[in-house]
Amino acid sequence: MRIIMIGPPGSGKGTQTQLLSKYFHIPCISTGEILRKEIKKNKKTKKYIKKTINKGKLIKNSFIIKIIEKNIKKKKFFNGFILDGFPRNIEQAKSLSKKINIEYIIYLKIKYDDIIKRITGRLIHASSGRTYHKIFNPPKIKNKDDITQEKLCSRNDDNEKTIKIRLQEYKKHTNPLIKWIKKKKKIKFIEIHANQSIKIVNKKIIYNINNNNINK
């Protein structure tokens, strides 16, 4: 099974990817985690990625396509995966669809006002990418990761000004992508309203996949 999770920043892609990975027993591929690994490799890459993300912009296609496709080829992903945060535009989707057969695309839809509320309260475990929220999904111990007990932090780009830029980028690139996906008969497109609890969103995703419900 090959599943792709798309949606605006703050829609809960990372959280739902982790939950689906456990339920279906298939590995997940996090675009954010891949970029964090790339940052560690050399200073030039680190500078470019951090500068781009902090501005709320998208990583250039040639760079992100290359590293995502390189990771997908790893042996552990041969029998399926859940990909979070890629593709983000039509060019990326076209490139990916030439390499693999995508079975499901899960689109988490949410109002932009709700996104700003979610992101401004978001907490991150830096080394793993696990996400929490001060109100909607708090850690068991305040400001500490549930698994490692390490301190949580906020992302530099999790401020209202940068969020609005990221949402503008999203509308510009990803809205046309969704229209493109809906035209592809071989891809099963599932749209879920993400302004519900994590548990309800997860149940709806699993129900739609198991019952082969699609929104086209």
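Even glycines carry a Cβ here, placed using N, Cα and C.
Noted in Swiss-Prot for the protein shown:
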- Gly10, Ser11, Gly12, Lys13, Gly14, Thr15, Arg122, Thr131, Tyr132, Gln196: ATP binding site (BINDING)
- Thr31, Arg36, Lys57, Leu58, Ile59, Gly85, Phe86, Pro87, Arg88, Gln92, Arg155, Arg166: AMP binding site (BINDING)
- 30-59: region 'NMP' (REGION)
- 121-158: region 'LID' (REGION)
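Overlay of Swiss-Prot feature records on the structure.
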residue	record	DSSP (3 states)
Gly10	ATP binding site	coil
Thr31	AMP binding site	helix
Lys57	AMP binding site	coil
Phe86	AMP binding site	coil
Arg122	ATP binding site	strand
Tyr132	ATP binding site	strand
Arg155	AMP binding site	coil
- Which one is it: of the binding-site residues Gly10, Gly12, Gly14, Arg122, whose Cα lies the shortest distance from the Cα of Arg155 (AMP binding site)? Arg122
- Between the Cα atoms of Ile59 (AMP binding site) and Tyr132 (ATP binding site), find the distance and write it as a whole number of Å. 24
- Query: On the Cα atoms of Thr31, Arg36, Lys57, Leu58, Ile59, Gly85, Phe86, Pro87, Arg88, Gln92, Arg155, Arg166, which are listed as binding AMP, what is the maximum pairwise distance in Å?
  - Reply: 25
- By Cβ distance under 8 Å, which residues at least 6 away from the ends of the region 'LID' (121-158) in the same chain are close to it? 10, 14-15, 18, 30, 32-33, 36, 53-56, 166, 198
- Excluding its own, the Cβ atoms lying within 10 Å of the Cβ of Arg155 (AMP binding site) add up to 17
- Message: I'd like to confirm something. Which of the binding-site residues, Gly10, Gly14, Arg122, Tyr132, has a Cα closest to the Cα of Lys57 (AMP binding site)?
- Response: Gly10
- Task: Have a look at the binding-site residues Gly10, Gly12, Gly14, Tyr132 and say which one has the shortest Cα distance to Phe86 (AMP binding site).
- Result: Gly14
- Task: Name, in the order they occur in the sequence, the residues of the same chain whose CB lies under 8 A from the CB of Gly12 (ATP binding site) and which sit 6 or more residues away.
- Result: Leu108, Ile110, Arg118, Ala194, Ile198, Val201
